[in-house]
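For reference, the structure discussed in these notes is given below.
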Amino acid sequence: MGVQFGDFIPKNIISFEDLKGKKVAIDGMNALYQFLTSIRLRDGSPLRNRKGEITSAYNGVFYKTIHLLENDITPIWVFDGEPPKLKEKTRKVRREMKEKAELKMKEAIKKEDFEEAAKYAKRVSYLTPKMVENCKYLLSLMGIPYVEAPSEGEAQASYMAKKGDVWAVVSQDYDALLYGAPRVVRNLTTTKEMPELIELNEVLEDLRISLDDLIDIAIFMGTDYNPGGVKGIGFKRAYELVRSGVAKDVLKKEVEYYDEIKRIFKEPKVTDNYSLSLKLPDKEGIIKFLVDENDFNYDRVKKHVDKLYNLIANKTKQKTLDAWFK
């Protein structure tokens, strides 16, 4: 879901060239949902193997990761851990929305309105624990580092960006800004739109507010921990309240658990237990997982596996040379 203030903050269109030579932390769950929604057949249904299991996420992880490496961008995938208890309401809302979409999809199929069915099919994107674990397994076969966050993946990715271990957080949501990520890149794992760069300092300077104020605006509008926000208050009114200095008083009165929500953003659970090193891929392991177990096309996978091997071999070789001549 994420906070919805994208229309009110400065964004800059960038190219893949602008990210050349940089490491980025990918909000894993956000990207996997994108893949489930966008990587589909013409009738709107997701890719499946012969057992009927959805494989769209594996397709996205494999080919998008290689595409980034081809552009000299090193992806570090970050996955969610245990969500804060306050997120349960948001998860319930999401489940209900998917259930409604599934009913409408089935109704459209009965009427043989396949265009309408495809529209609703994209909203029925269930990401199972098995899919997530398989994506992690695929990344390990590919030699790509991933991080298991103790709680929210975006919080962990933001922490890594603040430390300077990665240059930016990659996510379609804006929540990473609330965790203090210095830079957020959108549209990097999509295909239709140009990447956008959002810089936290530019946002705060443009609005003439602090990060604390930005978090308050988000809480007014609604976050994953208080979906819907404060009734009748959108960005403009929230901004006015923040600028007038009365925002906190209003929020404490209107938002249950305000202090706890604020603490989630300002003091998130994070870990330093991660590696950023690429490893040579397990070629046979990748082919076994994608082709033998999930019915991907052998020729296409083999071509990309060879490409992946060469990309990582060259990167690790260059890193060794750089270290030698330091």
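Cβ from N, Cα, C; glycine included.
Along the region 'N-domain' (1-98), the predicted structure has mean pLDDT 88. Feature annotation from Swiss-Prot assigns region 'N-domain' to 1-98.
Feature annotation from Swiss-Prot assigns Mg(2+) 1 binding site to D27, D80, E152, E154. E154 (Mg(2+) 1 binding site) falls within a helix when secondary structure is assigned with DSSP.
What Swiss-Prot records for 116-245 is region 'I-domain'.
The Mg(2+) 2 binding site feature in Swiss-Prot is assigned to D173, D175, D224. Annotation note: D175 (Mg(2+) 2 binding site) sits in a helical segment as assigned by DSSP.
The feature region 'Interaction with PCNA' is assigned by Swiss-Prot to 317-325, with sequence analysis given as support.
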Near D173 (Mg(2+) 2 binding site) (Cα-Cα within 10 Å), the binding-site residues in question, chosen from D27, E152, E154, are D27, E154
Out of D27, D80, E152, E154, D175, the listed binding-site residues, fewest other Cβ atoms within 10 Å surround the Cβ of D80
Residues sitting within 8 A of the centre of the D27, D80, E152, E154 CB atoms (Mg(2+) 1 site), not counting those, run G28, M29, N30, V78, F79, A149, G153, A155, Q156, A157, S171, D175
The most crowded of the binding-site residues D173, D224, judged by neighbouring Cβ atoms within 10 Å of its own Cβ, is D224
